[in-house]
Protein chains: 2
Amino acid sequence: MTEALRPGATVGILGGGQLGRMLAMAAARLGFHVHVFDPDRNAPAAEVARAATHAAYGDEDALRAFAGSVDVVTYEFENIPPAALDLIEAVVPIRPNRKALATSRDRLDEKTFLHELGLRTAPYAAVDEEGDLAQALAVIGTPAILKTRTLGYDGKGQARILSPEGAEAAFAQMGGRPAILEGFVAFEREVSVIAARGLDGSVAAYDPGENVHEGGILRTTTVPARLSPGLRSDAVLAAARILNALDYVGVMGVELFVTARGLLVNEIAPRVHNSGHWTEAGCLIDQFEQHIRAVVGLPLGDGARHADVVMENLIGPDMDRLPALLKDGSRVHLYGKAEVRDGRKMGHVTRIRRA
Amino acid sequence: MTEALRPGATVGILGGGQLGRMLAMAAARLGFHVHVFDPDRNAPAAEVARAATHAAYGDEDALRAFAGSVDVVTYEFENIPPAALDLIEAVVPIRPNRKALATSRDRLDEKTFLHELGLRTAPYAAVDEEGDLAQALAVIGTPAILKTRTLGYDGKGQARILSPEGAEAAFAQMGGRPAILEGFVAFEREVSVIAARGLDGSVAAYDPGENVHEGGILRTTTVPARLSPGLRSDAVLAAARILNALDYVGVMGVELFVTARGLLVNEIAPRVHNSGHWTEAGCLIDQFEQHIRAVVGLPLGDGARHADVVMENLIGPDMDRLPALLKDGSRVHLYGKAEVRDGRKMGHVTRIRRA
């Protein structure tokens, strides 16, 4: 497939969480059918999709049937078992591509890739065994953060090391999995660029947003970010360089640290990104539609920002604030999750200040 | 039910066309489940709803099961058989209410209602039999339009009478159904107000839009409409008076003619309205979410306009222009209809000029 899919074609989405759900609605608005694959029978995306397969990512028959029923496959998370991707890719294109997935799912590969591109990151070192950690700490110093190379998200699979004495406990927390030690970055703020690249190679980026995390989970994104014109341009160019190097198709989230010495790339996510949810309130074409446009081969849309926006995640008990939020002029977007749990993303709100 | 429904409750929607589809996605964004009732197995709304019943509006068992599975019922069209509504209303609230439906589904009742409210309309007279028509034409004159009292939409069930000689043919076109003769209005333009009223009685209106029809079908809506501040205020106040008089809950479309002597009300539609589609591109809270907020008992949202917008319907072969529209900065919204037919609304596009 090098031509655009036509309305009536079917987009397959691996993962049926809130990102898959918002992608599914964006695909519907463009006239595409959607087939969601998610093991969870209560996956939020399933109820706004035409079809859903609830099966394990190791279920080869289910994967094959899924791949055979769709015209392109995209995904909402990066930790999809490679064997599942092999099987799907034999039938139908996967966008964004495997290289983007492989690079971003392993923190060490990701950092190496970014360095090879000439982009700066926090200092880092591979930690495969306990001896590596002592050596890495000697170079990088403390405080530092030990992270599993794969499968971590929202602060999971991470351990802070405040002094060399903490090394043993942190290493134990990795549970024997290969890890990476990252030096602590004294950053002024974190920003992210939500950028898209089309099948035709064109690149478009949304205005950078400024992120605040709490407990490892994104709390708010504010646009515009407090960035000098020079740094704003650096941020967007860094994202564009990454997309081009990966021959990327789709939307990517690129998190950056703003430091006294310029920008460092924190991490990349080869998918729509929580820090881009503000686009649904601040832009004509939001990140979800932009992603669908890219993966089906349509031209990228107009992502210019028409308002200043603050996006706030509704996490767990934040849902108690719902009655007030529905009254105060916010736009409330809920994910249809039945059960409220601590740390669970239940929805988000956006507030705009007309620009 | 006088309290707001909580996320996880289910909204029932009678009618699964494009309006039902956009309502379904708005309900999902607020955390509600959706059950669509539509005889058509390919109803566009069904694929973005959690549940769909495909049965006739005369199928009492299906209607009862539908009503029993939802917490409130709303609708996307006004010609629902009253017997079906009786059956549903015995189980669950219908919003907007029966009075709004009864008034708007009969052009004669609607005009009478508007007059009793002190609002102006085109001159009109009831035409039950051929003799009535001659009498009505003597008073109203030509040109005039003969319309069936019920079941007309998008120019169907209407016949223009250019001179008294055309009366017989026009009457024959009504097929023996009760009709209404409406005098021709020399209007400068047509505008519409999309207004909402909440369960708490609060009223909010979007900025009036200016409509252009072709062949009886809406072609474009442009906001802001060309209206003096006085007429803009008159238009919004007329809509509010109508909503209050009907004890209305939900979004209504009120079409008005702008004439040299002020505003005339053309017709009212007790539902989200094609001429309000621009709100999805021009407002934080669009008409679909506003309607869902109202019918589930939530506070109305912020409908302030942040941009100038032109909405254009994509009708039948307009779909051939899709490749160009996807490239030119428009927002394209398609309804997922498989078959392109002349006169069929396939989607719409919105273009914004940042205000």
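Positions of Cβ are set from backbone N, Cα and C atoms, glycine also.
Predicted automatically and left uncurated, TrEMBL annotations should be read as such.
As given in TrEMBL:
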- A:Arg107, A:Lys147, A:152-158, A:182-185, A:Glu190, A:His213, A:266-267: ATP binding site (BINDING)
- A:111-296: domain 'ATP-grasp' (DOMAIN)
Those binding-site residues listed as A:Glu182, A:Asn266, and which of them has the most Cβ atoms within 10 Å of its own Cβ: A:Glu182
Among A:Arg107, A:Val185 [binding-site residues], residue with fewest other Cβ within 10 Å: A:Val185
Within the predicted model, mean pLDDT of the domain 'ATP-grasp' (A:111-296): 94
Helix, strand or coil at A:Val185 (ATP binding site) [DSSP, three-state]: coil
